[in-house]
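Listed in Swiss-Prot:
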BINDING   CYS54, CYS58, CYS61  [4Fe-4S] cluster binding site
BINDING   CYS98, CYS130, CYS190, ARG262  [2Fe-2S] cluster binding site
DOMAIN    36-258  domain 'Radical SAM core'
Amino acid sequence: MCRAPMPSTVSEISRIYHQPLPDLLFEAQRVHRAHHDPREVQLCTLSNIKTGLCPENCGYCSQSVHHKSGLAAQELSSLDAVMAEAQAAKAAGSTRFCMGAAWREIKDGPPFERVLEMVRSVAALDMEVCCTLGMVKPHQAERLKQAGLTAYNHNLDTGPGYYPQVVTTRTYKDRLETIRAVGAAGISVCCGGILGMGESLTDRFELLESLGSLDPTPESIPINCLVPVAGTPLADSSPVEPLDLVRMVATTRILFPDAMVRLSAGRLQMSEELQALCFLAGANSIFTGPKLLTTPNPEHSHDQKLLEKLGMEPKTTQ
């Protein structure tokens, strides 16, 4: 279980973030080396097992029924299709396979039973298994754990003050309750946020403060950069400043020494140099493969070449 060092108030987080960049990167790298192999990067693959028709109104998401993104809806994938993806991901070097469904919440019944069978089958490949399926009740979290689920992803997205500007159909409290249910079942918590939705630096610091208040703190923290999608409310958002991303990664690493800091959405828009700086700042995981749910993402071969250039290597053990 992970605990964030104290203090982690907004003012303390701001102090860490605003250090001169050489000092910030030095401290982040020092912490990173004390807790992780600095040459290793865990490769993860995310599969969209049910696409579109989500009743939530998350302003960034192409899968919402409230937006006109033109995305074609797809029903829950078959077990054979999911296993083919998982086996290909493992062959390409991924050690964690994540399955995402565009649901508001898990509902008991045949679809959930099919997801449980997917979890059991992927776990049998000796891979870490993660799901992101919306809100989850305690008894459902227990069943996922029994099926072999390693981690459950449920992002806070942003700080609590800015959150209502992004989502109104699900409260911050709803998200926290799901995270508590997952943790209570003994499932690792994967929880992070999205940068570039119009939030302020203070909103980003409040996100980190909220993550630090979780007990246990997340084992996995995805840091996403918004990929604007036509037809969504955030389609015209400005890109995240590169050094703002680097500072956010470094600050996250310092605050959460044991966590896997996952450089997630938006990598296709990042230069190799920016990604290298993020690794120096303490990122030690990426999502690899042609898509991240519905948005384009670097292919496995591209990521393998990047790691080779940097003298880094995929993490081979769970």
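One-based numbering along the chain as shown.
Using N, Cα and C of the backbone, Cβ positions are placed for all residues, glycine too.
Around the Cβ of CYS61 ([4Fe-4S] cluster binding site), the number of neighbouring Cβ atoms within 10 Å comes to 24. Of all Cβ atoms in the protein chains displayed, 23 besides its own lie within 10 Å of the Cβ of CYS58 ([4Fe-4S] cluster binding site).
In the three-state DSSP reading, ARG262 ([2Fe-2S] cluster binding site) counts as strand.
The average pLDDT computed for the domain 'Radical SAM core' (36-258) is 90. Compute the center of the Cβ atoms of CYS98, CYS130, CYS190, ARG262, which mark the site for [2Fe-2S] cluster; besides them, the chain residues with Cβ within 8 Å of that center are CYS44, LEU46, ARG96, THR132, ALA151, ASN153, SER220, PRO222, PHE287.
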